[in-house]
Amino acid sequence: MHCPDKESVYHIPVMLGECLEGLRIDPDGCYVDVTFGGGGHSRAIVEKLSSKGRLYGFDQDADACRNILQDERFTFVTSNFRYLANFMDYYGEDGVDGILADLGVSSHHFDEEERGFSFRSESPLLDMRMNARAGRNAAAILNEYDASSLSALFYHYGELKQARRFAASIVHYRESLSGGLQTVGQLLEAVRGLISPREEKKQLACIFQALRIEVNDELGALQQMLEAALGCLRSGGRLVVMTYHSLEDRMVKNVLRYGTVKAPDEDSLRLYGAPQSPWQQITRKPLTASTKELSDNPRSRSAKLRIAEKI
């Protein structure tokens, strides 16, 4: 595998101790870190394994291969975690003891300006693809979607107020550009008139989150991974998931409580009661970072950690 030569900088692992405790690691067990990134969580897991233990690390971003652990107990999988079940079958694993998912976007992605993940970047291109070899980028979406589609995107994936006005402004602005809307700077200019000085960071974060989710089909991939996790874990195996925004957290919470990403409607709950979940929730309420970690690692501020055990 060829890895880029640039120095790799990834975030400090969030709630590392809580994640390890949640996995309840058996030294001889088999574990999967479906969001390998900088390898911080994976390194800590491997340190707790015996010579018989195994760890798989998933990451679709080619940059992550710079951090591969040189350890015979570790296998790196260059793939989106939505294919978890496929690869566990490929490697002949008939059941794993724990699965860890840290769903946050790494500091590395925000710092790599040419990737276009941050509204603070000087990126020449609005890309936002986690997998640089994958389909369309953010610029393509901004140029191809009509105002109605962009509005729905910003509303549902960014939970952006005045989504229609922002979408209309983008469509109007892109029509004035001969080459279409391509850069972070052009996107900022397209919405400048609608940005509130008091809510600038929040509004821009909503727009960029919505685009990133759409470009990478993040919620679709998360649903597939959560559904696959149940089949991949042994009875008594642990699922440890860290979320960073309400859309992700709602899906994880529903899966652990009801067994599906969408909660039953009120009529169904009233008539039939809650369906039997295949998960025992170890954390009834999500864990959050300690005061010390919040001070040491600001990225942990929005993290919510949920832990469950397969029944």
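Positions of Cβ are set from backbone N, Cα and C atoms, glycine also.
A quick note: this is a predicted structure, and the numbers were derived from the prediction, not measured.
Features as listed in Swiss-Prot:
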- Gly39, Gly40, His41, Asp59, Phe81, Asp102, His109: S-adenosyl-L-methionine binding site (BINDING)
Three-state secondary structure, Phe81 (S-adenosyl-L-methionine binding site) (per DSSP): helix
Chain-internal residues, separated by at least six, CB under 8 A from Asp59 (S-adenosyl-L-methionine binding site): Thr35, Phe36, Gly37, Cys65, Phe76, Val77, Thr78
Neighbour tally for His41 (S-adenosyl-L-methionine binding site), based on other Cβ positions within 10 Å of its Cβ: 27
Residue with minimal Cβ packing [other Cβ atoms within 10 Å] among the binding-site residues Gly39, Gly40: Gly40
Structural state of Asp102 (S-adenosyl-L-methionine binding site), classified by DSSP into three states: strand
Cβ packing number for Phe81 (S-adenosyl-L-methionine binding site), 10 Å threshold: 25
